[in-house]
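Engineer: What TrEMBL records for A:20-41, A:53-74, A:95-122, A:128-151, A:158-180, A:206-226 is transmembrane segment.
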Amino acid sequence: MYDPTVARLTYRALLGRRRALILGALPLLLIVISVIVRALVGADDQTASDLLGGLALATMVPIIGVIAGTGAIGPEIDDGSVVYLLSKPIKRPTIIFTKLIVAIAVTMVFSALPTFIAGLILNGNGQQIAVAYTVAALVSSIAYAALFLLLGTVSRHAVVFGLVYALVWEALFGSLVAGARTLSVQQWSLAVAHKVAGGDLVTSDVGLPTATVLLVVVTVLATWYAGQKLRSLTLAGEE
Amino acid sequence: MAVEHPVAAPSGDQTRIHNIGYRSYDGPRLGRSYATRSLYSQSLRGAYGLGRSVKSKVLPMLLFVVMCVPAAIMVAVAVATKAKDLPVDYTRYAIIMQAVISLYVASQAPQSVSRDLRFKTVPLYFSRPIETADYVRAKYAALASAMFILTAAPLIVLYVGALLAKLDFADQTKGFGQGLVSVALLSLLFAGIGLVIASVTPRRGFGIAAVIAVMTISYGAVSTLQAIADAQGSTSAIPWIGLFSPVTLIDGLQSAFLGASSAFPGAVGPGNGEGVVYVLAVLGLIAACYGLLLRRYKKVGL
């Protein structure tokens with residue numbers, strides 16, 4: 001199910017040249033901000049929770065997920081070079097699975113790791129906040145990567161749709177309409193984080209069993225459907 | 001293997017040039033400014049998907065509708081309830097809808113410049129009479145105009161609605177004028193930032209993500225820091241932090257000079273002194289974006 005050559009090519013496409021720098025700039029900003037906040041405020045559990053929840057989990061993880069998830073397959077389909085990959089005797093679901101693993105790894109490294117470091121800087125993992133948000137970032141990395149990889153195979157405007165989901169649905173509608181929160185990767189991962197942290201600093205609108213089931217279902221279904229889409233992929237002209 | 005034919009050496013008096021009737025063009029040449037204007041209007045139409053496929057019309061038109069519908073609803077509410085004032089200031093509207101504006105600039109800036117880079121059509125433009133500066137000016141002006149249409153249309157809806165509801169004419173006109181100045185600056189600033197980022201990458205998708213990342217992450221970071229500064233009671237720091245993201249720049253500028261109420265936490269807008277810094281920052285950023293684009297296309301055009 002895992003093909004090292006495809007993985008190597010995908011890593012190169014995602015992290016080649018200047019791209020790794022841009023991917024690295026976001027986590028760096030998070031760490032810089034948490035250093036500033038720590039210097040201004042001192043160790044405060046509520047501030048740490050707000051910053052990690054608002055900036056890291058709500059904004060940074062989805063954006064890195066979009067870049068890594070759609071970037072793993074989107075550009076190849078866009079410029080048509082995917083036919084060279086598809087004409088090799090490798091199963092299409094294997095290609096998707098390999099690309100998914102790579103996208104998950106990249107999202108995790110660039111979002112969960114900095115979240116953990118920022119959490120340590122902010123309050124030294126008091127009340128398990130750093131660990132809780134790191135777990136949430138890890139869990140949501142998997143779901144986001146699968147979801148956005150599927151978008152990459154479905155649409156040429158995958159990045160826009162991914163961002164509309166991440167920013168408009170989760171942030172805007174999520175804060176206005178309570179029902180939208182039930183269908184949000186962010187809330188599902190917060191449910192897992194709530195379990196880890198205990199207490200009431202990290203809260204979620206979704207229960208843990210529902211969240212876990214939905215996370216698994218979305219990830220598996222998205223991966224399976226992306227494999228199906230790739231099996232019947234037709235290369236259209238520009239737009 | 002090519003078979004070598006012995007080439008008969010032509011003897012001198014047999015070669016001649018025949019005139020087979022080709023004529024050189026002696027009609028009017030429309031010149032550089034015409035080409036620039038065409039590029040401008042094509043880019044402006046392209047920013048709303050006109051003259052492109054149906055699929056690429058969907059997103060810009062959808063965002064345009066999303067921008068205007070809340071304004072129409074507000075007007076309807078104001079008329080129905082016979083309110084003395086509109087529920088939202090003209091200057092505040094763009095700040096509230098910033099997510100939509102960011103999405104628009106993120107989706108249209110790369111489609112305007114990245115595709116030219118990817119299909120290597122930039123040298124073709126420069127084989128016409130236009131210069132690097134013309135290309136940059138046309139593209140910048142086109143995107144800024146498109147953004148101005150996007151942000152000014154809801155204001156016009158609000159203004160017309162306010163006049164129909166017989167609200168105070170002088171008051172509404174003043175507010176409308178201030179709103180127009182504010183969205184004009186916003187359009188120039190956002191278009192500049194979007195184009196600079198998009199012109200670096202030939203990949204459209206990557207450009208979109210990079211533009212939206214710059215817009216939202218900087219806003220997220222700035223508003224988080226402002227909220228913390230507000231909670232800590234250091235209100236003097238709030239306006240200075242606001243200098244570091246495009247949305248808060250516009251917000252601060254209009255609350256200092258255009259009579260808007262600030263959306264900063266605690267409603268602490270910059271005073272006049274800090275307001276000057278905001279104006280300088282906005283104008284400096286616009287000039288810097290233009291300069292960076294010129295520098296980028298000096299290299300990329302050849």
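Any Cβ shown, glycine's included, is placed from N, Cα and C.
Explain the structural surroundings of these features, please.
Structural biologist: A Cβ distance under 8 Å defines the sequence-distant neighbours of the transmembrane segment (A:53-74), meaning residues of its chain 6+ beyond its ends; these are 10, 13-14, 19, 23, 26-27, 30, 33, 82, 96, 99-100, 102-103, 106-107, 110-112, 114-115, 118, 133, 136-137, 140-141, 144-149, 151-153, 156, 158-159, 162-163, 166-167, 170-171, 185-186, 189-190, 202.
Cβ atoms under 8 Å from those of the transmembrane segment (A:128-151) belong to residues 45, 48-49, 52-53, 56-57, 61-62, 65-66, 68-70, 72-73, 96, 99-100, 103-104, 107-108, 111-112, 115-116, 118-120, 122, 158, 161-162, 165-166, 185-186, 188-190, 192-194, 196-198, 201-202, 215, 218-219, 222-223, 225-226, 229 of the same chain, restricted to positions at least 6 beyond its ends.
Here the transmembrane segment (A:158-180) has long-range neighbours at 58-59, 62-63, 65-66, 69-70, 74, 144, 147-148, 151-152, 186-187, 205, meaning same-chain residues at least 6 beyond its ends whose C-beta is under 8 angstroms from one of its own.
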Engineer: Looking only at residues six or more beyond either end of the transmembrane segment (A:206-226), which have a C-beta under 8 A from one in the stretch?
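Structural biologist: Residues 93, 96-97, 100, 139, 142-143, 146-147, 149-150, 152-153, 181-182, 185, 187-192, 194-195 contact the transmembrane segment (A:206-226) from elsewhere in the chain.
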